[in-house]
Amino acid sequence: MSKPVRVEPGVKMRDADKMALIPVQIIPTERDQMLRKPSWLKVKLPSSTERIDEIKQAMRSHGLHSVCEEASCPNLPECFNHGTASFMILGDICTRRCPFCDVAHGRPLPPDPEEAEKLGKTIRDMKVKYVVITSVDRDDLRDGGAQHFADCIREIREHSENNIQVEVLVPDFRGRMQVAIDILKGEAPDVFNHNLETVPRLYKAARPGANYQWSLDLLQKYKEVRPDIRTKSGLMVGLGETKEEILEVMKDLRAHDVDMLTIGQYLQPSRHHIPVARYVHPDEFEELRVAGVEMGFSHIASGPLVRSSYHADLQAAGETVR
């Protein structure tokens, strides 16, 4: 029997190395088997990259990370060019191995005790009025990273103008839910976001280590202690789910008092990741948006390129995002 591979702290595992560690086997997709992207998924590149380069340089100079880059988001050029970014705290190595995600897996380094202050100063210098903070999963920390989130929220508000809004996209705090909620109810964001990602039938394949009901409970329990804070979640489609399954998840979210929802197309980061089952037509996204409005979501963004933090400021303001 072979011994498990011991990974040194700080070493990033990606693609085939990362997929080899998950409980469900993912067979690499041959190039000729990959579905061709339809026209509605083509991303327009900006005429100038000056603003993009400025934001990247600001992050590099302070040792900060953006989920836009680490997760290979297709909207990076648009968002960076508009001076917005979603910051990823607690390092760039995740303790989970989700086969849909392009973030590296491994043994993370200890959290940077100066990250919160550096983040606050960077956001102040960027002069943004809406910021999204997310993180890798940190199952190695006693509180799952909740206190670090709280420290970042505090520092952002201390260094920025009073009208800045902060949205957090948190992990599931597996085994540490109440500890995390107790911490974040005191240093609350303006929007508390946690993504369900997919339908419960696909959790074993797409979210190994996560639990559908646990994620729902996290959203509901935070709403119970901070009813004044908007809650939000996100879903990917194109993994093999049915429309009926998505609608059931949407109903579950409303039953757990979730206010806002994003729905977007899953895009395969590499041939080693879980393959795209199908590309969902924009008309179907619109049907889901209409259904969400009828269910009572205060805001729902549904479209092929929609992501949790895509135009998050407009989402929070109630404007249409597709």
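One is the number of the first residue shown, and numbering goes on along the chain from there.
Yeah, the Cβs are placed from backbone N, Cα and C, and that goes for glycine too.
As written in Swiss-Prot, here are the features:
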type    : residues                    : note
BINDING : Cys68, Cys73, Cys79, Ser309 : [4Fe-4S] cluster 1 binding site
DOMAIN  : 80-298                      : domain 'Radical SAM core'
BINDING : Cys94, Cys98, Cys101        : [4Fe-4S] cluster 2 binding site
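This view paints the features noted in Swiss-Prot onto the structure.
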{"residue": "Cys94", "record": "[4Fe-4S] cluster 2 binding site", "DSSP (3 states)": "strand"}
{"residue": "Cys101", "record": "[4Fe-4S] cluster 2 binding site", "DSSP (3 states)": "coil"}
{"residue": "Ser309", "record": "[4Fe-4S] cluster 1 binding site", "DSSP (3 states)": "coil"}
Cβ-centroid neighbourhood (8 Å) of the [4Fe-4S] cluster 2 site, Cys94, Cys98, Cys101 excluded:
Arg96, Arg97, Phe100, Asp102, Val103, His105, Val136, Asp137
Let's check the environment of Cys101 ([4Fe-4S] cluster 2 binding site): how many other CB atoms sit within 10 Å of its CB?
22
Same chain only, sequence gap of 6 or more: which residues have a CB within under 8 Å of the CB of Cys94 ([4Fe-4S] cluster 2 binding site)?
Cys101, Val103, Ala104, His105, Gly106, Pro108, Val136, Asp137
Report, in whole Å, the straight Cα-to-Cα distance of Cys98 ([4Fe-4S] cluster 2 binding site) from Ser309 ([4Fe-4S] cluster 1 binding site).
19
Starting from the Cβ of Cys98 ([4Fe-4S] cluster 2 binding site), draw a 10 Å sphere and report how many other Cβ atoms land inside it.
22
Looking only at Cβ atoms, how many others are within 10 Å of the one on Ser309 ([4Fe-4S] cluster 1 binding site)?
28
